[in-house]
Amino acid sequence: AASAGGGARSADDIIAKHCNACHGAGVLGAPKIGDTAAWKERADHQGGLDGILAKAISGINAMPPKGTCADCSDDELREAIQKMSGL
C-alpha cells in the first residue's frame, strides 16, 4: 500500500518491525494480532478506530508513542492497526 509518493511502508513491514514484539504475544496486556474481540473492546471504549489511533500516537500504558515507530505517519499507523485488529 504505497502512497502516491511511493515512500510508504507496508502495514506488514511496520507490524514486523515495530508492533509484533508486544502485540504478537500480548505482552503487558497488549491486544494480540488477530484477536478482533480484544481490539473491538478497546475500540468501543476509546471511540472506535480513530480513538485507538489517537492512543497509538500518544502512547498508552506500557506502549511508547507510536509504538516505537517515531517516523510512521498517521496513515501508516492506521493501516497497521487495521491489519492487526481486523477492524
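Keep in mind that glycine also has a Cβ here, set from the backbone N, Cα and C atoms.
Long-range Cβ neighbours of Cys22 (heme binding site) (same chain, at least 6 residues apart, Cβ-Cβ under 8 Å): Leu28, Ala30, Ala62, Met63, Gly67. Summarising the annotation, Swiss-Prot assigns heme binding site to Cys19, Cys22, His23, Met63.
Swiss-Prot lists Cys69-Cys72 with the feature disulfide bond, giving similarity to another entry as the kind of evidence. A 10 Å cutoff on Cβ-Cβ distances gives Cys72 (disulfide bond) a total of 21 other Cβ atoms nearby, all chains included. DSSP assigns Cys72 (disulfide bond) to coil in the three-state reduction, placing it in neither a helix nor a strand.
Calculated from their C-alpha atoms, the gap between Cys72 (disulfide bond) and Cys19 (heme binding site) amounts to 12 Å. Here the CA atom of Cys69 (disulfide bond) lies 14 Å from the CA atom of His23 (heme binding site). The record assigns Cys19, Cys22, His23, Met63 to the heme site; their largest pairwise CA distance measures 10 Å.
Residues His18, Asn20, Ala21, Gly24, Val27, Ala30, Gly67 surround the recorded heme site, their Cβ atoms falling within 8 Å of the Cβ centroid of Cys19, Cys22, His23, Met63, which are themselves excluded.
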